[in-house]
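J.: The structure follows.
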Amino acid sequence: MRTEYCGLVTEHLLGQTVSLCGWVHRRRDHGGVIFIDLRDREGLVQVVCDPDRAEMFAAAEGVRNEFCIQVKGLVRGRPEGTINAGLKSGRIEVLCHELNVLNASVTPPFQLDDDNLSETTRLTHRVLDLRRPQMQHNLRLRYRVAIEARKYLDEQGFIDIETPMLTKSTPEGARDYLVPSRVNAGQFFALPQSPQLFKQLLMVANFDRYYQITKCFRDEDLRADRQPEFTQIDCETSFLGEQEIRDLFEDMIRHIFKTTIGVELDATFPVMPYSEAMARFGSDKPDLRVKLEFTELTDAMKDVDFKVFSTPANTKDGRVAALRVPKGGELTRGDIDGYTEFVRIYGAKGLAWIKVNERAKGRDGLQSPIVKNLHDASIAAILERTGAQDGDIIFFAADRAKVVNDSLGALRLKIGHSEFGKANGLVEAGWKPLWVVDFPMFEYDDEEARYVAAHHPFTSPKDEHLEYLETDPGRCLAKAYDMVLNGWEIGGGSVRIHREEVQSKVFRALKIGPEEAQAKFGFLLDALQYGAPPHGGIAFGLDRIVTMMAGADSIRDVIAFPKTQRAQCLLTQAPSPVDERQLRELHIRLRQPEQPKA
């Protein structure tokens, strides 16, 4: 039926007869000669239909966009002046001898080359959307990334082992997707949030190096970089320390980027402690392309009359930080007002600022509504610590540390990536990877009045912090590490707990008693008693990596059939109701939401 792909018909086939199959991308009637741009997964080729072959020409007159057709014809060079340098096949055309309509198409709801389609339209008609060249490129790129990951891991001695999709619900973290059991009435499986426990069990079982490219499921609120089901390159290895694990998977990411998109990442990724990342950038996934950093001012603002600064400076969880923007004096009041509204999204109550017109004049060279509320020592500290120069602007955030980090961190990125930031060299092009390490082991949950695991409860504390598990859990740092690239966390992992007594101590620190621990994790605690080896691993978000490589706006652009931000599939209309008989078989009765009283 087909001898060549359309997009691969080039000058090497001149003078040969070919058989092509594909879709009509565009049909043009030029004064009795019909031109068809025929498309398949490899690209386009121009087909010329002359009227001297009456049966073929009649068929060509009847085809429309997205008809699926077969063409047989002669490859010839294009006439002078009609060469299309933008196409791989742009120097040739196919003179059609025979045209068969394999399947007609109704009028498509949109043109495939329309770049202004809403995401709703695209996802509703996903099959047609996937015919678009960009989507074809994205999914083939995804395939190549997966292949190169497999090649690398295979060369390093990793074994691809599947783990269960129907498993036990262990509600520590995001909500599980639950699957009712028909056979065991009233009991439920959960879809895995990750293969975490199974891959640890595989290490205990002496498989030494495991990986799989697998689906994971989390019932959480969605954002541009989240899906209810997502794909991980999931890895675990025994008898390697934290540094060795990071080196191994840093090499994997370098290999993938080089072989798939020809990018040479740094020979060595910088390593930054979590505390430093939060202090300098307000984020545990800093975008190092942006050349702006926080300046710590909390201690210098404790005794100022300006309560907006002094109150958080004297509060246990408060912070005062500054962000100096070189040449920011050019920003208009309208720009500043826009940034003020922007930081409110992140909980900030406002945005204080100082323009440095002439630093040598001290406070007289500063322009700001807040200068009058600051004493000379605090002003000197601001100018000295930020390194402010004439023509700069300094923005301030003062609140709970989380609000300061979130709001000023978001402002840093917004300014850095703005047209102003690009014009003034505040952002670099390219790829800026790093490792963020030494995360807190626990976070305190005020509502539950207990510590919760910052990563997951199977992460090992640093050796020197083991004693804090029982005396001061808040001081514990974890052997955890995230790989960050251009402000995205693309991978995260840790060294795991391999001794039962340490795992039990962690459960106690989390207020998980012995009975609860046995009920939820007894199989793990049992396995750890049989000479479990030191082990650790990492999981990479395949969707995120491909999104970055493709320059896509959302991971929905690199997944064949994604869900919306409301966790719905617009193509299949899932989720959907099921009939009463199915529910009865599962021993389930639906409880309808209560209607508000009139």
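Cβ coordinates are placed from backbone N, Cα and C, and glycine is handled just like the others.
Feature annotation from Swiss-Prot assigns L-aspartate binding site to Glu172, Arg218, His455, Arg496. Residues annotated as ATP binding site in Swiss-Prot: Arg218, Asp219, Glu220, Gln227, Glu489, Gly541, Leu542, Asp543, Arg544. According to Swiss-Prot, the feature region 'Aspartate' maps to 196-199. Per Swiss-Prot, the feature site 'Important for tRNA non-discrimination' maps to His30, Gly81.
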J.: Taking only the residues in the region 'Aspartate' (196-199), give me the average pLDDT of this model.
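T.: Value for the region 'Aspartate' (196-199), mean pLDDT as a whole number: 97.
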J.: Please report the DSSP secondary structure of Arg544 (ATP binding site), reduced to three states.
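T.: SS state of Arg544 (ATP binding site) = helix.
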J.: What Cα-Cα separation, expressed in whole Å, is found between Leu542 (ATP binding site) and His30 (site 'Important for tRNA non-discrimination')?
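T.: On Cα coordinates alone, these residues lie 47 Å apart.
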J.: With the ATP site defined by the record as Arg218, Asp219, Glu220, Gln227, Glu489, Gly541, Leu542, Asp543, Arg544, how many Å span the farthest pair of C-alpha atoms?
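T.: Largest Cα to Cα distance for the ATP-binding set is 20 Å.
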J.: Find the one among the binding-site residues His455, Glu489, Arg544 whose C-alpha lies closest to that of Gly81 (site 'Important for tRNA non-discrimination').
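T.: If we rank His455, Glu489, Arg544 by Cα distance to Gly81 (site 'Important for tRNA non-discrimination'), first place goes to Arg544.
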J.: Please name the residue among the binding-site residues Glu220, Glu489 whose C-beta has the most neighbouring C-beta atoms within 10 angstroms.
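T.: Counting Cβ neighbours within 10 Å, the top one is Glu489.
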J.: Going by DSSP, give the three-state secondary structure for His30 (site 'Important for tRNA non-discrimination').
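T.: Where His30 (site 'Important for tRNA non-discrimination') sits, the three-state DSSP reduction gives strand.
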J.: According to DSSP, collapsed to three classes, what secondary structure does Glu220 (ATP binding site) have?
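T.: Coil, per DSSP.
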J.: Please spell out the DSSP helix, strand and coil residue counts for the region 'Aspartate' (196-199).
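T.: Helix/strand/coil tally for the region 'Aspartate' (196-199): 4 helix, 0 strand, 0 coil.
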J.: Quick one: of the recorded positions His30, Glu220, Arg544, which has its CA closest to the CA of His455 (L-aspartate binding site)?
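T.: The answer is Glu220.
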J.: In whole Å, note down how far the CA of Arg496 (L-aspartate binding site) lies from the CA of Glu220 (ATP binding site).
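T.: Glu220 (ATP binding site) to Arg496 (L-aspartate binding site), Cα-Cα distance: 25 Å.
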J.: When the Cα of Arg544 (ATP binding site) is compared with the Cα of each of the recorded positions His30, Arg218, Arg496, which one is closest?
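T.: Out of the listed candidates, the nearest Cα belongs to Arg218.
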J.: Using a 10 Å cut-off on CB atoms, tell me which of the recorded positions His30, Arg218, His455, Arg544 is the least crowded.
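T.: Relative to the other recorded positions in His30, Arg218, His455, Arg544, His30 has the fewest Cβ atoms within 10 Å.
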J.: Might you list, by sequence position, any residue in that chain lying six or more from Arg496 (L-aspartate binding site) with a Cβ less than 8 Å away from its Cβ?
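T.: The list for Arg496 (L-aspartate binding site) reads Gln200, Met203, Phe458, Thr459, Ser460, His535, Gly536, Gly537, given in order along the sequence.
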